[in-house]
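Participant: Sharing a structure, written as structure tokens. Questions coming.
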Amino acid sequence: MLIPIPALNDNYIWVYKRENLSVIVIDIPEIAALSQFIQAQNLVIGALLITHNHRDHIGALAEFKQFYPHVHIYGPAECADQGVTQVIDAGRLIIDEYHIDVLPTGGHTAQHLSFLVDGHLFCGDTLFSAGCGRVFTGDYSQMFTSLQLLKSLPDETIVCPAHEYTLGNLAFALTTGKNKSAVQKQLEKVKKLRAENNPSLPTTLALEKQINPFLQVEGLEEFIELRKAKDMF
């Protein structure tokens, strides 16, 4: 089971569950929608994974701890003072038979993490469909390296970003002139999905390699130029 629960204006709380196991939750911008879903489905949360320390990803962390006081919360050191119970930076977590690869994907924030679970990539604000996160650190090299790391994963990887930014990202991607036919085709598909209030996510790494200009750059200089252009778009 893979469910994107809408939160705030354009966030998703991702919920992942393998049969007969507990639920893994990624990021917690608000509590109500998640708790209602967990209760309605009679589920047990095995862990909360935090990608980074922005308020739209940890805003309900304190409430989460009140609702689920025994659930371990894993996240980067930048979230240590926000209520994360287990600070991590890389490596592998084993939680209730889940093997979770922790990937350092800094750039949006310095210690941003992504999580790979059973071929599902929960990448927070590093990689979006047809886009990538803003480089608030100013460290474009770090962000470029993070995106190259994610790009190196298998094509069949299911990509689960934290925001519904796809329409705007595709509009920008069209202006870059990169693989315009694939971008236009995906734009029409996403317009229909969003018109019916359906999420455009998840996506796949194979598709992102076709439509995401930030995965098509040939080097750091081109990435910096493209990211700054998107900032002004």
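One is the number of the first residue shown, and numbering goes on along the chain from there.
Backbone N, Cα and C define each Cβ position, glycine as well.
Just lifted these from Swiss-Prot, have a look:
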type: BINDING; residues: HIS52, HIS54, HIS108, ASP125; note: Zn(2+) 1 binding site
type: BINDING; residues: ASP56, HIS57, ASP125, HIS163; note: Zn(2+) 2 binding site
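Provide an account of the burial state, proximal residues and distances for the features listed.
Facilitator: Mapped onto three states, the DSSP output places HIS54 (Zn(2+) 1 binding site) in coil. Cβ neighbour count for HIS54 (Zn(2+) 1 binding site): 20 (other Cβ atoms within 10 Å of its Cβ, all protein chains included).
The Cβ of ASP56 (Zn(2+) 2 binding site) has LEU8, ASN11, PRO29 as same-chain neighbours under 8 Å, each 6 or more residues away in sequence.
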Participant: Are there any residues at least 6 positions away along the chain from HIS108 (Zn(2+) 1 binding site) with a Cβ closer than 8 Å to its Cβ? List them or say none.
Facilitator: HIS52, GLY124, ASP125, THR126, GLY133, ARG134, VAL135, PHE136, THR137, MET143
Participant: In this structure, which of the binding-site residues HIS52, HIS57, HIS163 has the fewest other Cβ atoms within 10 Å of its Cβ?
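Facilitator: Counting other Cβ atoms within 10 Å of each of the binding-site residues HIS52, HIS57, HIS163, the minimum falls on HIS163.
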Participant: Any idea what the Cα distance is from HIS54 (Zn(2+) 1 binding site) over to HIS163 (Zn(2+) 2 binding site), rounded to a whole Å?
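Facilitator: Approximately 13 Å lies between the Cα of HIS54 (Zn(2+) 1 binding site) and that of HIS163 (Zn(2+) 2 binding site).
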Participant: Given the recorded Zn(2+) 2 site (ASP56, HIS57, ASP125, HIS163), which additional residues of the same chain have their Cβ within 8 Å of the Cβ centre, ordered by sequence?
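Facilitator: Output for this site, in sequence order: ASN11, ASP27, PRO29, THR51, HIS52, HIS54, GLY124, ALA162.
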Participant: Taking DSSP three-state, what's HIS108 (Zn(2+) 1 binding site) in: helix, strand or coil?
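Facilitator: Its secondary structure by DSSP: coil.
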